[in-house]
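Chemist: Below you will find the structure I want to go over with you.
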Amino acid sequence: MEQLLRAELRTATLRAFGGPGAGCISEGRAYDTDAGPVFVKVNRRTQARQMFEGEVASLEALRSTGLVRVPRPMKVIDLPGGGAAFVMEHLKMKSLSSQASKLGEQMADLHLYNQKLREKLKEEENTVGRRGEGAEPQYVDKFGFHTVTCCGFIPQVNEWQDDWPTFFARHRLQAQLDLIEKDYADREARELWSRLQVKIPDLFCGLEIVPALLHGDLWSGNVAEDDVGPIIYDPASFYGHSEFELAIALMFGGFPRSFFTAYHRKIPKAPGFDQRLLLYQLFNYLNHWNHFGREYRSPSLGTMRRLLK
């Protein structure tokens, strides 16, 4: 593979440093090159290119806001024999600690970004003269994303929808439960879902949801910091409800309390927050069931039962 990387990156220098890393889904390694250090993720699955292209699109969308720091994506390379490699900027990272509060502020600003574009658009509509066009960021008025993204290795359909409950029920929960039905034919999951899906709209009564650009998989393994500030990576972005972002962050720990305090200082909890958080955590339990097996069956079904009480 190193010969392929040299050719694709047009570098004479290609020297691995640090140890090889293995995440839940892909393997990774850092290299020195003529143009500086890079980090290369490798995945041998047949859908690896699609997975990495979704990550590139996510990183580019997050980067374009200027509000959060992410590794700069560079290139996706097809590998002989199947799979792909994804080359990105190398950042010397350590676990999130002193920068947690700053990250909370930045994530809130990210989630408010599209709403502020909407406010700007309304102001311009009330102003005589032509509205700015071209490279200016545009308000996104629907839920979804312009391409498929993968949360783990599972592709997520991001077809645009006008309302959030429909998008979330169809393209997140139903999609995960379809996979569970295919692989496990779990009768109890099927029965609980048939009762739960009709109740989902009730959790959003009276709530205005402006599409927010999300990281999409914000657990502690996808956040870090360096001497400059906080960093987020491995996104599966889409435009959705800002509360969705917090579900996995609260599920598995690793985020200091200061992160949530700083976040909610800018975006206070709306009525019904805790019940919706359960709904969003259900997605993550189902996704883990599909990735890692039956040990996540019990929390998945338990969460559905709690939502039905």
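Cβ atoms here come from the backbone N, Cα and C positions, even for glycine.
Swiss-Prot lists Asp217 with the feature active site, proton acceptor, giving similarity to another entry as the kind of evidence. Marked as ATP binding site by Swiss-Prot: Glu89, His90, Leu91. Residues annotated as N-acetylmethionine in Swiss-Prot: Met1.
I would like each feature placed in context: is it buried or exposed, what are its neighbours, and how far apart are things?
Modeler: Asp217 (active site, proton acceptor) falls within neither a helix nor a strand when secondary structure is assigned with DSSP, and so counts as coil. Cβ neighbour count for Asp217 (active site, proton acceptor): 23 (other Cβ atoms within 10 Å of its Cβ, all protein chains included).
Secondary structure at His90 (ATP binding site), taken from DSSP and collapsed to helix, strand or coil, is coil.
In the three-state DSSP scheme, Met1 (N-acetylmethionine) is classed as coil. Applying an 8 A CB threshold to same-chain residues 6+ apart, the list for Met1 (N-acetylmethionine) reads Val42, Leu79, Ala85.
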Chemist: Using C-alpha atoms only, work out the spacing between His90 (ATP binding site) and Asp217 (active site, proton acceptor) and round it to an integer in Å.
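Modeler: For His90 (ATP binding site) versus Asp217 (active site, proton acceptor), the Cα atoms are 20 Å apart.
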Chemist: Whole-number Å only: compute the distance from the Cα of Leu91 (ATP binding site) to the Cα of Asp217 (active site, proton acceptor).
Modeler: 19
Chemist: May I ask for the distance between Asp217 (active site, proton acceptor) and Glu89 (ATP binding site), taken between their Cα atoms and rounded to an integer number of Å?
Modeler: 20
Chemist: Neighbourhood of the ATP site (Glu89, His90, Leu91): other residues with Cβ within 8 Å of the Cβ centroid, in order?
Modeler: Pro37, Val38, Phe39, Pro71, Arg72, Met88, Lys92
